[in-house]
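Visitor: Pulled these from TrEMBL:
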DOMAIN    68-163  domain 'TonB-dependent receptor plug'
DOMAIN    264-699  domain 'TonB-dependent receptor-like beta-barrel'
MOTIF     50-56  motif 'TonB box'
MOTIF     710-727  motif 'TonB C-terminal box'
SIGNAL    1-30  signal peptide
Amino acid sequence: MSVSRRQPVCRLRPLALATIATVLGGAVQAQDAAPAASTDQIVAPKALDSVTVSGSRESASTRLQLTPRETPQSTTTVNREQIERQSLTSIDAVLRNVNGVAVSFYDTQRPLYYARGFQITDFQIDGLPSYSSSTNQEFDTALYERIEIVRGANGILTGVGVPSATINMVRKRPQREFAASVALTAGSWNLYRGELDINAPLNKDGSVRSRLVIAPQKKDSFRDRYSEDKTALLAAIEADLGPSTVATLGYQRQSNVPKAPIWGTIPRFATDGSPIDLPTSVSFSPPWTRWERTSGTLYATLEHQLNDDWSVKAALNHTEGDTFSLRTYGYGRTTSLAPFVNPITGAGTTLYAAVGGGSEKQDTVDAYLSGKFELGGRKHDLMVGVSSTRIATRTDGYSSVANWSYVIPNIYTWDGNAPEPAVSKTGAWRTQITQQTGLFASARWRLTEPLSLLTGVRLTDWHRHTDTYGTAGSYAGKSLVQDENRKVTPYIGAVYDITPTLSAYASYTRIFNPQNYKDRNNVPLSPVIGSNAEAGLKAELLDRRIQAHFAVFQTKQDNYGVRDGAITTPLPDGTLPYVAVNGTKSTGFELEFAGMATNQWRVSAGLTRAKVTRAPTDLIYANLPEYLLQLGTDYQFAGALAPLSVGGNLVWQSSVEGFNIPHPSGTVTVKQSPTAILGLRASWKFTPKLSATLAVNNVTNKKYWANLDYGNYSDPRNVSLTMRAAF
C-alpha cells in the first residue's frame, strides 16, 4: 500500500498474488458510516463460483417465466448445492461468490455490497422487498433454497431504480416427502455451528406439510475480545386447499449478539507520519461493548392456478426487529479524527463512546396476476400487480455518553480494560414512517420467432416523515416530511436469438431512488435520478454445459448523496450531513464463463471492469478496483477416489486508492497494490448421504486492508470442517 499527499508517496508492504478462484466481482462506491474522515469504501477480495440456471423460472426482475438467456439483464443464481459445496453459511459469503458483486465492510457488524460501482441496497425475500436497516442482518443461508442476483436497476418490483443489483433470497418450502439433514461445523477462532433441516408431511398424501430449519452458531475472532452468537430459525406449514390452490404460513427469526464489535477504524499512521503495521488482532472495543440485533417475520402466501395459462399470487409479511448498541471508537488525543500511535510507547489513542437502540415494524402486502395471452397469432406473457410497504422505525433516546472517554496508555499491551459508561433510556423517542405503494406491470411480446420485446412500468407513491415524542411520551410534532407521488419507472428490453444457443440483448430503465440523507441545513435530499443501460451476449457452449455471458453497461446519476466533507458536526438526530452531487457515471463490462467442462470438472472464469467517475465538486471520492479477475475450479475424482472432490478459487483485484485519509500532516491519498486471495476446499463422501468438507480461506495468509477509508483488516487464513448427513 502507498500513501501520498497528491505527489509524495510512502510505501507500505505490497500484497502479492496467490492462485485459483471463482467467477467475478464488481466495483465499489460507498455512502454511509461511523466516525471517520471519509465514507466511500473499497472492496474486499472475494471468491466466486457462479451458477447459471438454464430452466425457466419466475424472473426476479419482471416476474415473468424466463430463462436466464431470455432475461435482458445479467443474472446469477446460487443454488443449495453450491451453498453446501462451498460452505457458504451467510449472505456475505454468498455474495463473495457472485460475478459482478464486490464485498467490503465498515466494521464487524456493517457489511457493504456493491455492483457496477454502486452500493446494493435492494434485498428481497421471496420477491418481497426488505428495506429495513435494522433487520437487514447478515442473513443466514440455512433458511434459503437459493439466492438470486439481478445486476442493474430493478425498479419495477422494488419501487426504486438503484443501478447496482437486487438480491432475492428464496426461502425453503415444505415438500411432500419426508427428508431431514444435519450439518456440524467447527473452525478457526472457536467456530461452532449446527444446521438442522426437517421436512415432514403432516398427512398421508403430503397435502399438508411442514418444514423446520434451525441454525445456531458461536464464533470468536482473530480480533481481540470479539465474538458473536447467531441463531436462525424457520418454521412453515403449507397446505393444498384444492387441486389449484396452495396456502403457506411461516415464521422466520434471526438474532445476532456480538460482543466487543469493531466500530470505525484502527490506526494507520504513527505520530511521525510513517505507516504503522499493527497486528490484525488490534481492537478498540472493551468487552462490554455490544451491537445486538434481532428480527422476526411472520409471512403468508396464497397461490391459485386459474387455468393452464393464468395464475394469481398474494403475499403478506409482518416483520419486527430490535437493535441496541454500545460502541467505542478511537480518536487522536488532540482534535484529530483518527488516532495516531506513538510507534515506541503505543500511546496516542483516546476512546469515545456512542449508544443507540430502537425497534422497527414493517408490513408488506403484494399481489399479482400473471399468465399468457394470444395476439397476432403468437403467445405473449403478461404480469400486473400491486404492492404496499409501511416501515415504522423507532429510535429511542438514551442518556448522553458524550463526556465519557478513556485514554489507552499503550495500544500494544492494552487488554481492553476500560470503565463502562452508565446508559439509560430518557423516555423520548422518534419514529420515522416510510410508506410506499406501487402499481406495476411487465410483458414479453414475441414480435417474431427470434425477437422478443420486454416492457415494464411502475407507478409509485412514496412518503416519509418523522414523529417526535418527548421524555414524558408527549407528541412533539412532525418533521422532515417527504412526498414523491406518481413517480413513473419505465423499463424496456429486447432479446434476439441469433442461434438456438446464442442471444443478443439490450435493456434500459430510469432510476428513481429516495434517499435517507439530509444536508447541512437538516433538509432531506431529493431522490437520486438517472438512467441505466445494458447490452450483451449470452451463449450456451459445449452442449449447453457452459454458460457464457458478456455485457457492457452505463449508468448515469444526478443528485447522488455523498458525505459533506466540509461539515463534521452531527445533525440534531446524530447523523452526519450529506451533499447532493450531479454527474456520477459508471461504465464497464462483465465477462464470465461457468459450467461443466466435463462430467467431472466444473470451471469458472470472470473479468469485470467498472469505471466510476464523479463530479468535480464531489468532496468524497470513490475508491475501488477498476478490474477484478476471478478463476475457479472443482473436480470430482473417479475410480477408487470417486468419493473425493477438490476445488479452489483465486480472486485478483487491481490497485485501489482512498482519498482524504487523515494523516498527522493533514490528509493524504492511500494506495493499496493489487491483491490476490486464494481459497481451497476438499470434500469426501463416506456414503451417498454422509460427507465431510474442509475449506481453507486466504490460504497464503495475506495481510491486507479490506477498506481504505475505514481502516480495517480482512480475515487472515481460516479453516472450517463440516460434516453433513441426510436422512
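Start at 1 and count along the chain as shown; that gives each residue its number.
Each Cβ is built from the backbone N, Cα and C atoms, and glycine gets one as well.
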Visitor: What is the number of residues in the motif 'TonB C-terminal box' (710-727) that are helix, strand and coil, as DSSP sees it?
Guide: 0 helix, 11 strand, 7 coil
Visitor: Taking only the residues in the motif 'TonB box' (50-56), give me the average pLDDT of this model.
Guide: 45
Visitor: Sort the residues of the domain 'TonB-dependent receptor plug' (68-163) into helix, strand and coil with DSSP and give the three counts.
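Guide: Helix, strand, coil within the domain 'TonB-dependent receptor plug' (68-163): 21 helix, 38 strand, 37 coil.
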